[in-house]
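J.: My questions will all concern the structure given below.
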Amino acid sequence: MTHFSGKDPFVNMDDIFNQLMANMGGYRSENPRYLVNGREITPEEFQHYRQTGQLPVATTKATNSQMLTPKADSVLTQLGTNLTQEARQGHLDPVIGRNKEIQDTAEILARRTKNNPVLVGDAGVGKTAVIEGLAQAIVNGDVPAAIKNKEIVSIDISSLEAGTQYRGSFEETIQNLIQEVKEAGNIILFFDEIHQIVGAGATSSDSGSKGLADILKPALSRGELTLIGATTQDEYRNTILKNAALARRFNEVKVNAPSAEDTFHILMGIRNLYEQHHHITLPDNVLKAAVDYSIQYIPQRSLPDKAIDLLDMTAAHLAAQHPVTDLKTLETEIAKQKESQEKAVAKEDFEKALAAKTRIETLQKQIEQHNQSQNVTATVNDIAESVERLTGIPVSNMRTNDLERLKGISSRLKSHVIGQDEAVAAVARAIRRNRAGFDDGNRPIGSFLFVGPTGVGKTELAKQLALDLFGSKDAIIRLDMSEYNDRTAVSKLIGTTAGYVGYDDNNNTLTERVRRNPYAIVLLDEIEKADPQIITLLLQVLDDGRLTDGQGNTINFKNTVIIATSNAGFGQQDTETSESNIMDRIAPYFRPEFLNRFNSIIKFNHLQKENLEEIVDLMLAEVNQTTAKKGISLTIADDAKAHLIDLGYNHAMGARPLRRIIEQEIRDRITDYYLDHPEVKKLQAILKEGQLVIRQNDQ
């Protein structure tokens, strides 16, 4: 007699057992059935029976929960999504760091009355994730006994209204939904954006039609319906709480944004899902950068949503740059081989099934090798580039670990702002202190009051600071305070309040511009001309780094640099000897509490004639940049430069007269020569008989 050892390559006992159980309605059948002593039990109870040898005590509630399953044509099946079933099938993402909210929600659901929780929190904090976590907890049995056999069904409110154009259709749909829930006995409804139930389905007050909230109230009060809702704080206050009869039937569960550490753990928990989806490797430092950059550069949104979106955006961008073409083919082939294997087992063709199994193993090895060789690894710089694409902030040029840039900020500013070394050094010290992390985090990056005569470089220093910090001279929100010299101009800063014209249109206000561009220089030009009420508002910005607009939104100024300029106390007759005490000179123009709010009050000195030698080179470099667009190069002789300085120097007016002279003597003459000789591309400016002349450069 031949002894069967189980090692026959064509016969596998596992395949025989699985096929036998499938034919008996057990393993791998569409509806597994387990009968013990004539009693049908669930797969979980059968597993318990195999381990202990004892059948669990039968309960009517458990039996009912198994038998009363929604029909295929029911409202629940057509309009709802069974989150508990998706959790059983492993289709839901893991939920991390929300144990408290899940526990609070489960405890409210386990109450005898008023067991309808509403999750309230800002957009993106993870309210829906809490419900998905609750569904997973129900599947795992980590919930109170009262809700162990419950099924959470998500209902889209808009789908309830679809197709109910005839009078009474909406009410009939809702009544059918309530009846199905009552008959099932184990259904918990989940309404996302639950504030929409107020007014949903209702028409005019004369038609007699009822809204969704009015229909649900009796069922909620009698406990016939268990409901979970999710909405934002503003919508909950403006809709649910205004309806006292509806509000008392709900219990609020606050969902706050997770901390940076919790968000990092959330990203670690879902990392595999995004790596498999995009075929991109996401190391820990990339996850940390996604959290840090989203907090720092996307303040208007909430964690963890903004960090997850930033990570997803980065992975999608890298996947688009490194497309994977043959991986889908391998996965499709594996699916075909699995189907072929199952058909072969069903026909008891074990030789063919073994061949398919071998082919599947080979394909899986190819995918593993493919992943190891083809997967692209994301870097912190990729996250920075994603932030730059999303917000326009040049993060790659603002890396906080670039200590060399902080060390050289003073020399870079001095190369463009001439003759104001003390002012530049004071600004550089404040910026270094903040960017190195040794400053108060709630105030702006820096707040400065530039005082001094006109034309000495106050505005130019602000432009160069914007270029060095934020990568562009255009990163300046410039306000001419002469336009804010009356009390009504407050609306230009924060917008109008409710009831006034322009309440909904605050696009050009300071608060709205900072909200859209949180990394910028806020330049308050000629601050002494502003109304005292404007100064009062600015006190809060300088001290707390925030300002509340007319619609109640708090705008964060902590990533801005506030620069106010003034030439108050500096007239045309000023001399160097009269500039003894800067505070004595500006005190008559500003309130003490306003001056005390600035990090530094910086005095700008009059320019000397030797300073203009460097300034004229900078201005002529700008002229060369302009002519280069036409393909023209310009050379200027030293005597021509000296002539420009002699014409443009004015001790009281600063460098502005020099700019005018260059426009008249250089730009205008180049224009005239170009119109007469458009073919000439090399020009030279020389001094001839006391006059500046433009001619062709033959060298």
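Numbering starts at 1 and runs along the chain as displayed.
Placement of Cβ uses the backbone N, Cα and C atoms for every residue, glycine included.
Since we're looking at a predicted model, the values are computed, not measured.
For reference, Swiss-Prot lists these features for the protein:
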- 76-325: region 'I' (REGION)
- 121-128, 452-459: ATP binding site (BINDING)
- 380-570: region 'II' (REGION)
J.: For the binding-site residues A123, V125, V456, which Cβ has the most other Cβ atoms within 10 Å, all shown protein chains included?
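T.: By the 10 Å Cβ neighbour count, V456 comes out on top.
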J.: So for K127 (ATP binding site), how many other CB atoms are inside 10 Å of its CB?
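T.: Excluding its own Cβ, the number within 10 Å is 24.
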J.: What number of additional C-beta atoms lies within 10 angstroms of the C-beta atom of T454 (ATP binding site)?
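T.: Its Cβ has 16 other Cβ atoms within 10 Å.
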J.: Under DSSP, is K127 (ATP binding site) part of a helix or a strand, or is it coil?
T.: helix
J.: Which of the listed binding-site residues (G121, G452) has the least company, meaning the fewest other Cβ atoms within 10 Å of its Cβ?
T.: G121
J.: For K458 (ATP binding site), what is the tally of other C-beta atoms lying within 10 angstroms of its C-beta?
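T.: K458 (ATP binding site) is surrounded by 27 other Cβ atoms within 10 Å.
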